[in-house]
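Accompanying notes for the structure given below.
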Ligand code: ADE
């Protein structure tokens, strides 16, 4: 899968995408991420990419031209399945959306800043708008990093069997059950006996029951 990201602050994305599982996905050739600094597509001196909004009001708006220049020069090389704008008024990201995006070939992500982007970009280029939650970030970069991580770890071959995405919270609309590791007894806080029993069927049933109880208690809306 190839993901291109257009941003005024590509540095913000470098670290989250170059460690751990995202690093492995790219090293294995399963994920290719390309960052595109928007300022280098500016038509104005000093690399200006924002301007005052028509109608007045506080806050700058990201201008059309640099974004159009950047998107069109990328489109000349890559056929995108989706052009995604990260914005707090987009559809809220969930596991189902991540699953479905992980099956695409090429994605282009656009990170907003300030008051957002000129509406005409949204009308004529953007095919999907995604929010990572009901709060406002100072830009779309952290949202893009979250989205790439959520998608990247689902690509076949990225995770090994033990960390398989199949067992994640949300994959079957249930939160994950509690997990334990050594020592068996720490200050009298014991690992549940069932997990030490060696009875795989019983352990599986217990985990499922715990997952259901946890979901009922914390996220009944998922059931
Ligand atoms: N940009 C600013 N806030 C955002 C959010 N909640 N999700 C995605 N992009 C954003």
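Note that Cβ sites are derived from N, Cα and C of the backbone, with glycine treated the same way.
Marked as domain 'tRNA methyltransferase TRMD/TRM10-type' by TrEMBL: 1-223.
Taken from TrEMBL, the feature S-adenosyl-L-methionine binding site applies to 112, 132, 133, 134, 135, 136, 137. For residue 137 (S-adenosyl-L-methionine binding site), the number of other Cβ atoms no farther than 10 Å from its own Cβ, over all displayed protein chains, is 18.
Regional average pLDDT for the domain 'tRNA methyltransferase TRMD/TRM10-type' (1-223) in the model is 95. Non-local neighbourhood of residue 135 (S-adenosyl-L-methionine binding site): 88, each in the same chain, at least six residues away, with C-beta under 8 Å from its C-beta.
Taking Cβ-Cβ distances under 8 Å and a sequence gap of 6 or more within the same chain, the neighbours of residue 132 (S-adenosyl-L-methionine binding site) are 86, 92, 93, 142, 143, 146, 147.
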